[in-house]
Structure formats: C-alpha cells, structure tokens
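See below for the structure under consideration.
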C-alpha cells in the first residue's frame, strides 16, 4: 500500500474552498503474495569476488531463516545490490556491487548462492525503464554518453545520488521519458539521445510453442506478477528447478516446462494459479535451434522423431492426435504446428522421456513407444566403458530408452539396494550410471519411472575393449526341481534385482526355446502349464484372442535339463498369475 498526499490548489482557494489535506491510499492493481526474492536473479553455486582487496563486502549475518529474509534485508537498502546466501550455515552477506561492476568476477562455490537485484543485471527494460540500472553507455546514434557528474559539453540539472542511480555515463531515465533510458551525449551538437535498449518483451521472441524461450519477462498477459519457480507459494507445483535442469526455470520468468501452447507462469495471485504470458512471435527470418529429424530411430528424448510408428511398446494402437476420443487432450495439431502431430504417429510434443501417444483403449490414456530403437550414433564416443563398466565414471544419466535415472541417494520411486553409503567403492554420484555389482551387461541405474525399477544405460563398450569370453564356466544354478525354491536361501544374497544379470535360484524363471533347443525368450512359470511372457516372443505365431491350442515345451532357467512334463499353454488372454509362497500355498500377484 502506498500513501499519497493531495493538497487543494490555489484556484480552489479563490473559489472560497478551505484548504484541505487528504490522505489517499492506493492499493496494488493486482492482489498477490509476492516474495522479496522476486526482485532478485539467482546464480546457484556462485560467489562474487572483488579483485581490489581494499574493497570488502559487508560482514556475514548469521542465523538467517532463509534466502527470502536476506532479500528482505537487501531490498530496501540503496547501497545493497546483491547478497551471498550460505546454504549450509544459513548466513547472509550483503554486497554493494554486481557482476557488472568494475573489478569483480564470478567463481564457482560449493557453499554459496548469489542473488543480484534484477534492475542491475537485466539487459532489457521493464515498462519505460525508470528502474533500469544497467551499464549501456552509448546512444542509438552511436554517440558516447556524457558522465552524469559532468556539465560539459552539455549542462544539465541532474545530480547523481544513490536513489536516482545516475552513475558513470550509463543510460538512465530520470524523468520517466516514454522512450526509455537516454543520456546526454559527448557531442556538443547533440544534447541528448535515447539509448534504444529493448523492452524485455521485445528482447526475446517465441518460436513454435516457446519451449526454448529464455527471456526475462516476469508478468502474465493480464499484468499479474509471476511466482518464483523455486517457491511453492502461493501455489504448490511440481516444476522444481533442480528437477528440470534443461527447462531453465530461472527465478520467476515465463517458461514452458510442460509443452503447453506457449510460455506461462504461476502467478502471485492466490486466486489465479497460472496464466499465459504475452510474448511476440518470431518472424520467418528467425531460425530456431536445428533439431535433426529421424525416421526409424530416435535421439535424445525423441523430440525430433518423425517416423510412422503408431502403436505402443505393448502393441496397442495409438489414438489420432486430431481426435478427442477415447481421450480428451490439449495437443491439437493446429496448436503445435512444429511438432508434426500427424495421424496417430508416436511423437514427443511435451519433452517427455521418449516418443509416446494417447492409446485407443479407454482404460489406458498414454503409453511410451519404447519399441522405437535409439539411434546408434546417439551414444557419444566418450560414452563407453571397459570390461563390465565397474570403473565407469562418466556423466550419462539416462537409460537406453531415454528414461532419467533416479538419484542413488534417494528412495523414490524405488528403494535402492545400492547407495553411496552401502557401496562407497562404486562412486554412486548424483544419478549417473554405474555398475556397483559388476553386472555383465554394463552400467545401469534405478529409473524415475515407477513401473521400471532399473534399466541399463545408453552406453556401449569401447571399441578397443575385448568382450568377456563366452567360454568361461557358467554359474551354478542352485535348485533341483522346476517350480520349487531352494529351502536354504542365504538371506544376504536376496536381492532386489538380478545381481550381475546371471542365472539365479528362482525356480519359476524359465527359458523359451525352439525345436533346436535354442533360447529365444524368457518367462515366468506362474502355475502348472502356464508361463507368463511377452507377446512379442511369438510374433510369428498365429495366436488370436480366441486361440489357446498352441503348445510348446519350456525349460527352467538358462541351463537346466528339467523339461515340464506337460505342454505349456500359450494364449493372448490375461490371467491372474500366482506364485508359490510357501509349501502348499499360492500367493496372487
């Protein structure tokens, strides 16, 4: 709330009115819960140093609740332009300079975040630029600006102060000129000239649906101020900057992290959760970042995939993008012209982990098209490993299907068997692919997909590396009868995943083999005469939903000699499987 003093002018006195002094209150145009951090721009893990030892920052203020309290202290002070926030000790250090001040430099820090006032680090102007405190010092005509504390060659009435920000010879707008920041020039024939600094709205345009927009607009199309992405109030949301590093969720700027029609933000108005931002479209001369298209495979997340795969990995037909039945959605082809949402082909219009589609089944809304293979050249030469990859220390953090890896130190969505504490030798850092158990298939990771506990990574064996010999003696399988678990199971060897990818002692793990005895698929023995396996294993069989007369023989594990006495029934129908839990009892899945 701001206070305004209004006095009655002399003409009113001549009309016989008494002098009046009115106190008016002006409420904010738009209600909201703004944070003092909204005035700051953050650089995580960064410190700002001044190279002149004679100039020092303010003392550390300890016992600060959080960065917002630091912002609340620095904001009103005219001589505070930035602050360090110590994330471990919760300390606060106020700074009288920014990264654009003379004799300063940025350096990486493991303990501090740097917050700088937006007005001092923006390269564009908001509104008419009255608050602009940047360092542009040349006019639109190319003339150098005259210093504000000089009266030659052009005399003027302005006196530099901390409040008006008339520093050096930087462009400013002390009189609120609608044309934006200006300055007196060093040319006696040209008294003053505008500096042509673009407004933040015009400084960056939107191509396609604006997923790559990285501008500095922090207002919605209705004028509401944006909520910071790193805060959860007034609106809680899932888009935490640390979890969406590739989306550049900086401060409270408009972004498009979910593949919406155009950039948007959460607002500081508790009654309005989110709104689109009013941003200009790029012209035809603007060239977006080139993204190579692929037809038979996908790279990265598959956003450039333009092939004709139109079923999910399970073989379910996809729904047409221009249809709203059986599933209603917002991905209308006309609103996402650059995403090539043709027919019912698998696409990735929202930056998900891989190409996907809405399915034609009412009970299954979306599914990934993981049957599309990853391009062979999508793995960089440095993304390779030697041996089984137990010494791999690279930075790959996605599976072979493009799913992001779960952090080794977290327990969601999967509780890990291997952690940095339990396996310190394995260098389980962040969510990088590793091989703590010497899996013969190479580095792997727990995934962020709740339905996929772990998977192998998008890595290949280095070209100069020899593959392991297939002549080594096979592992011993420690059960004697198909369908019966060993009674003395070492509890210490009970694992959440198949350790090393080697044959284990689970007697319901079976091998599907052809007439020549060659293994072609795996499965699980769920009951006498019933094996659960993938339909793709029988792509050449003419098995329909009404056919149950196709039989075959099954052998347990990968190297045993105990065939089932009865043929195995193969059907496309789904039956509720059951597994043996104790002797004489069954446990339903």
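The backbone N, Cα and C atoms fix where each Cβ goes, glycine too.
As written in TrEMBL, here are the features:
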type	residues	note
SIGNAL	1-32	signal peptide
DOMAIN	27-119	domain 'Apple'
DOMAIN	123-200	domain 'Kringle'
DOMAIN	204-282	domain 'Kringle'
DISULFID	205-282	disulfide bond
DISULFID	226-265	disulfide bond
DISULFID	254-277	disulfide bond
DOMAIN	296-375	domain 'Kringle'
DISULFID	318-357	disulfide bond
DISULFID	346-369	disulfide bond
DOMAIN	383-462	domain 'Kringle'
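Note on proximity: of the disulfide-bonded residues 205, 254, 265, 282, 357, the one nearest residue 369 (disulfide bond) is 357, by Cα distance.
According to its DSSP assignment, residue 318 (disulfide bond) is in a strand. Nearest in space to residue 254 (disulfide bond), taking C-alpha to C-alpha distance over the disulfide-bonded residues 226, 282, 318, 357, is 226.
Cα-Cα distances to residue 277 (disulfide bond) place 265 within 10 Å, out of the disulfide-bonded residues 205, 265, 346, 357. Residue environment of residue 226 (disulfide bond) contains 24 other Cβ atoms, counted within 10 Å of its Cβ in all protein chains.
Mean pLDDT for the domain 'Apple' (27-119) in this predicted model: 88.
Each of the disulfide-bonded residues 205, 254, 277, 318, 346 was scored by the number of other CB atoms within 10 A of its CB, and the lowest score belongs to 205.
Within the domain 'Kringle' (296-375), the DSSP-based counts of helix, strand and coil residues read 6 helix, 14 strand, 60 coil. The least crowded of the disulfide-bonded residues 265, 282, 357, 369, judged by other CB atoms within 10 A of its own CB, is 282. Checking Cα-Cα distances from residue 357 (disulfide bond) against the disulfide-bonded residues (205, 226, 265, 282, 346) with a 10 Å cut-off leaves 346, in sequence order. In this structure, residue 265 (disulfide bond) is part of a beta strand by DSSP. Of the recorded residues, residue 265 (disulfide bond) and residue 318 (disulfide bond) place their C-alpha atoms 31 Å from one another. Separation of the C-alpha atoms of residue 205 (disulfide bond) and residue 346 (disulfide bond): 29 Å, rounded to the nearest whole number. Put simply, residue 318 (disulfide bond) is 8 Å from residue 346 (disulfide bond) when counted between their Cα atoms.
With DSSP classes pooled into helix, strand and coil, the tally for the domain 'Kringle' (383-462) is 3 helix, 17 strand, 60 coil. Cα of residue 226 (disulfide bond) to Cα of residue 282 (disulfide bond): a distance of 23 Å.
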